Amino acid sequence: MGRLSLAFRLKPLSHSAECTCVFHGRIDGTGTRSVLCNDPDMSDIPVNVPVDTVKLRVEKTAVRRIPTEAFYYLVELRYLWITYNSITSVDTGSFYNLKVLHELRLDGNMISVFPWESLKEMPRLRTLDLHNNRLTSVAPEAIPYLLNITYLDLSSNKLTTLPSDLMDIWPPLNGVPISSNASQKVVLGLQDNPWFCDCKISKLMEISKMADTPVILMDLFLTCAAPENLAGVLFQRAELENCVKPSVMTSATKITSTLGSNVLLRCDASGSPTPDLYWTRSDGSSVNNTVQESPGEGINWSIMSLHGVEYKDAGNYSCKAKNVAGTAKATISLTVAGTMSTTTPPLRPSAGTGSTSQGTALTPPNDISKSQVTAPTVLPGSLTTLSAGPKPTKLISSNGSQKGLLKETKQQQEGNGKKFAADEKSKKRDDSRAVKDLEIVEQTADSVVLLWTAGGLLNDAPLTVVYSPYGEDDSKRTVESKAGSGKVLLDGLSPGMRYSVCLVAKVSAAGKDPCIDFYTEDSEQSKLFFIISGIACVLVLPLIALLVYKILALYCNGRNAPSDENELENESYVKFETISMKQRTLTSHPTELWARRPTNESERLLLCSRSSIDSQMTYKSDSSRSEYLC
């Protein structure tokens, strides 16, 4: 089947300008029509274009403005090219009624502001070419209208930044799994713009560093124009300061709460710039009853409160942190367990009533009513607050006559009012002394053991242990126990803090619950104390041992003192004697030439002093031999 091409001339509003219309047809009469207007003298968009035109090209003309509803009658138009003209103004309604338009090209003009909301008139638009214009910014309001765009060319403009959320609409930053399907590819032209490289375009810089991503950049070598320290640096090599993606941390991931209790969910976030926090339910709806505070630069925390939780409150709650560098999310799963019931005194049979109701009860669905009432799970550092007061419930009679039941109940309560008041007063007097002798034992840095005496309570009577940091009533935690157990472990505490703990009996009088305050140990101080003690022991023990040794040595030496003195005396003194020549006689033995005589004390001192001065000095005498003094 062949094609038939017809060419003829078309007169626009300006009679001096002409357009060319080409019909690409088939023998059976079907085909497509395209119109080309490229007269340099054309100053207005033509208005008498055939209504079956599929492609319209207005190129290299003097057109300066695209008016409102300029193409509203071209309902079959799929390609609109208005390129390399002098257009400076585009109205919001310029593209009205172009429901099947697939491609819009406005490159080569002088457009400084583009009406992004006009894109909503073109739901099937996939290609948008705005390169080589004078755009200075992309408004954040444009993001919803660019979700379906697969080819976006913003190159050769005057863009310095982009909305931080723009990159979040495309993978991989939109959270959609990356697929190899070519239909999911997005082509972006962003080159030849004076980019200011800061945290606002950090996501674009991150994509430029990815090797395999569905977002394809026409030019991979995007460069920074500012600030001065990054001028000329490629996106792939630029390192940004004060730009950190947020991170989120929750105190618990799963919490089980009793029906009717109050729950506080907390999450903390950090990042630079300081991230904002948002809470959402599992269905995506936002939660309004939240409190948010930033104690310092780069840190933020938020608390969401649920008062009197019901079964419909169970589910997942997400805490989302967001800044211009990215987003992060953490989820807390809340489970509501337990039953809530209320009873009334027996009713007298009355006429017209076929049956009597002994009491009414509100029961949860079958799958929840079977679950056991569990105490909330409190992890270390958790700020989840669970208080046990069930919400008031309405009485619903089994036979449907609610008003009659309430009337009879009221009459019986009035008749027995005094008795109930007396019983209640007696019960309060007994309950005020039910639990006593509270005591804290086995304290550590993060846990303590609480002891008590049940008193007049039964062993299986339920008790609620309520504890919180001292003075912080909004951070109370609870642990369910029995009166007969006599003790409970409180863990997940913070080191070095003062806590208040109270025992609440289910039947105790208000304001009479026994309470006690305690401190947890400071783990850091304990470690420091042990370290210092160990060092002191290592240094002091040798000194003590040395001192004991010296004392023992002195004691032993004292016992041996006399013998030592004798030895000292023997070693210190020399016995002096004086030797002289004997007088020679006729009867004396010729071999005994020397005579000894005792030396008195005065002579001994004289000899010693002389000896100390000149021990080697000798004296000679003509009448005697040499004599040694000492």
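Using the three backbone atoms N, Cα and C, a Cβ is placed for every residue, glycine included.
A TrEMBL annotation is a machine prediction, not a hand-curated record.
According to TrEMBL, the protein carries these features:
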- 352-375: compositional bias 'Polar residues' (COMPBIAS)
- 405-433: compositional bias 'Basic and acidic residues' (COMPBIAS)
- 246-335: domain 'Ig-like' (DOMAIN)
- 434-526: domain 'Fibronectin type-III' (DOMAIN)
- 340-433: region 'Disordered' (REGION)
- 528-549: transmembrane segment (TRANSMEM)
Chain residues in Cβ proximity to the transmembrane segment (528-549) (below 8 Å; excluding those fewer than six residues from its ends, i.e. six or more beyond): none
Per-state residue totals over the domain 'Ig-like' (246-335) - DSSP helix, strand, coil: 3 helix, 61 strand, 26 coil
For the domain 'Fibronectin type-III' (434-526), residues assigned helix / strand / coil by DSSP: 10 helix, 43 strand, 40 coil
